[in-house]
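As given in TrEMBL:
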- 9-29: transmembrane segment (TRANSMEM)
- 41-62: transmembrane segment (TRANSMEM)
- 83-106: transmembrane segment (TRANSMEM)
- 112-132: transmembrane segment (TRANSMEM)
- 153-171: transmembrane segment (TRANSMEM)
- 183-209: transmembrane segment (TRANSMEM)
């Protein structure tokens, strides 16, 4: 495994981490009374848009999974539209799963949906950028020993950390602490965000530590 590829992965993850930080630092300069807790829905939208933009730009620049085949413009447009459909379906599925786990069904629908969009941004969008709208590739990557590159390993770690973070974030909600961050879905979205950032930091460190043991099958 080349160290240069790990450095490329690390640099991409550092940019992603800084994009999250910027969503808390830059908006107060332009929006009056902005805060992550006080105007949480606005922050959810800003964070989702910022992370989406950064991930797409990084994918275009780094091209972690380059294809040797020449792809026509029509195929690229079709692939982009499929990715949009997949992302929307992911938002709907996450919304349903969140409701099944106890979120309000009728009340706070917008809050729940924006949280689902954030989760999709941290998980599904990353998969779409790396693997495209290819379900078989998704199943391969998230199956045992299915990773074919360090980028696949990174995808596994960041996705898992984001979901676990969101799950852990739900624990403080029923407690009677009367804290502002216990309002739905603040603790869950913050948990998902911290989990995503933790995954971005852990992934390159884990890959570097285990670089001699990691072996990948040819595509």
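Backbone N, Cα and C atoms are what each Cβ position is placed from, and that goes for glycine too.
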Close approaches to the transmembrane segment (41-62) from elsewhere in its chain (Cβ under 8 angstroms; 6 or more beyond its ends):
8, 12, 15-16, 19-20, 22-24, 27, 31, 34-35, 110-111, 114-115, 117-118, 121-122, 125-126, 129-130, 189, 193
Below 8 angstroms Cβ to Cβ, which residues of this chain, lying six or more residues outside the transmembrane segment (183-209), approach it?
6, 9-10, 13-14, 16-17, 20, 36-37, 40, 44, 47, 98, 103-104, 108, 111-112, 114-115, 118-119, 122, 150, 153-154, 157-173
For the transmembrane segment (112-132), what are the same-chain contacts with Cβ under 8 Å, counting residues 6+ beyond its ends?
41, 44-45, 47-48, 51-52, 55-56, 58-59, 64-65, 79, 82-83, 86-87, 90-92, 94-95, 98-99, 103-104, 138, 141, 151-152, 155, 158-159, 162-163, 166, 184-185, 188-189, 192-193, 195-196
